[in-house]
Amino acid sequence: MLFLAPGYIFPHVATPVTVAIDFAQAVKEGAYSFLDLKASPVPNPELFQPPSRVSIGMTGGREERNEEIIRGPLNYLLSLPGKDIRGKLIDALNEWFRVPEDKLSTIKEIIVILHTASLLIDDIQDSSQLRRGNPVAHRIFGVAQTINSANYAYFLAQAKLADLNDSRAFDIFTKGLLKLHRGQGMELYWRDNLICPTEEEYVEMVSCKTGGLFYLAVQLMQLNSEVTVNFSSFINLLGIIFQIRDDYMNLQSGTMTKTKGFSEDLTEGKFGYPIIHSIHAAPNDQQLIQILKLKTNDEVIKQYAVRYIESTGSFIYCREKLDLYLQEANETFQGLELLLGPSKGIRAILNFLRTR
């Protein structure tokens with residue numbers, strides 16, 4: 001997830017040099033992979049005036065080269081194709097919202113930047129080796145440079161809010177990032193202290209971590225739309241389905257093995273959904289907890305762990321819960337269609353989430 005909650009948009013510098021920040025081309029080329037919050041005015045609305053360029057304290061002719069260096073890890077990950085489920089969701093929702101194209105492009109850029117930055121930090125926090133089938137950024141650029149690039153990216157995304165010309169966007173953005181950090185913080189706490197959460201605690205965490213970024217996009221879209229329907233429940237459901245499916249695929253999918261490594265959640269010591277169920281299904285058996293504690297790369301041990309999870313009925317349970325959540329999401333979707341009309345894009349996303 002995310003690493004640093006951002007503050008104000010433009011730092012005050014003695015001799016600022018204007019550097020254009022434009023991710024639109026990357027978005028167009030597809031080069032990258034819940035709570036209702038009442039918005040309030042930003043501390044200083046003047047910070048939101050166009051043009052949407054970032055002033056940074058660098059002088060002379062080196063700023064362009066320096067910008068490439070600073071953004072190196074970010075640009076590296078942007079260049080690796082991903083599923084782009086968030087971009088597809090934004091496009092699908094816009095069948096209802098009808099956000100103007102320029103505003104929609106800005107919102108996509110913001111979400112792409114935030115998601116990519118969060119992956120840079122995720123991979124460091126999880127000691128990951130692969131991302132999208134390639135070496136993680138910090139193995140190439142180093143940990144310190146990657147952290148700095150990710151943090152820099154949060155402010156790039158924040159600066160893009162000016163293009164929306166709505167001071168409420170700052171409040172939505174800030175509260176959204178706080179929520180994302182809360183979810184990530186709890187997941188890291190459970191992992192590092194070897195505390196297995198309950199299913200309810202897991203769902204609450206996912207609502208912050210995964211569903212939170214989905215809903216941030218929705219809130220920014222609704223600033224530029226006449227549609228005022230509350231989407232929080234539906235988006236929350238999509239986030240839960242997406243994360244449970246991801247946890248399931250991590251332990252069961254050959255495709256996931258190629259892109260992230262075999263059963264990477266076991267190596268990370270992560271309490272994914274099937275693992276949580278398996279531990280609670282046999283609370284007096286310490287085998288799985290001990291394997292998580294090892295954070296092992298040993299495939300023999302990980303294969304045994306997968307068989308153990310299977311033996312507790314946890315994969316069956318996971319599939320059954322996914323079906324229930326998908327049924328609820330489909331019923332909610334049908335209600336939204338009655339209000340707003342059909343959406344082929346949302347239906348396609350729901351169909352995608354059914355595949356395993």
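Even glycines carry a Cβ here, placed using N, Cα and C.
Per Swiss-Prot, the feature isopentenyl diphosphate binding site maps to Lys83, Arg86, His115, Arg132; the stated evidence is similarity to another entry.
Residues annotated as Mg(2+) 2 binding site in Swiss-Prot, with similarity to another entry given as evidence: Asp122, Asp126. Over all protein chains present, the Cβ of Asp122 (Mg(2+) 2 binding site) has 18 other Cβ atoms lying within 10 Å.
The Mg(2+) 1 binding site feature in Swiss-Prot is assigned to Asp122, Asp126; the stated evidence is similarity to another entry.
Arg131 (dimethylallyl diphosphate binding site) falls within a strand segment according to DSSP. Within 10 Å of the C-beta of Arg131 (dimethylallyl diphosphate binding site) there are 23 other C-beta atoms, taking all protein chains into account. According to Swiss-Prot, the feature dimethylallyl diphosphate binding site maps to Arg131, Lys209, Thr210, Gln243, Asn250, Lys260, Lys270, an assignment based on similarity to another entry.
Counting every protein chain shown, the Cβ of Tyr154 (site 'Important for determining product chain length') has 22 other Cβ atoms within 10 Å. Secondary structure at Tyr154 (site 'Important for determining product chain length'), taken from DSSP and collapsed to helix, strand or coil, is helix. Taken from Swiss-Prot, the feature site 'Important for determining product chain length' applies to Tyr154, supported by similarity to another entry.
DSSP assigns Asp246 (Mg(2+) 3 binding site) to a helix in the three-state reduction. Annotated Mg(2+) 3 binding site per Swiss-Prot: Asp246, in sequence order, evidence recorded as similarity to another entry.
The Cβ of Lys270 (dimethylallyl diphosphate binding site) has 18 neighbouring Cβ atoms from other residues within 10 Å, across all protein chains displayed. A Cα-Cα distance of 17 Å separates Arg86 (isopentenyl diphosphate binding site) from Asp122 (Mg(2+) 2 binding site). Cβ-based neighbour count (10 Å, all protein chains) for Arg86 (isopentenyl diphosphate binding site) stands at 21. Only Lys270, from the binding-site residues His115, Thr210, Gln243, Asn250, Lys270, place their Cα within 10 Å of the Cα belonging to Asp126 (Mg(2+) 2 binding site).
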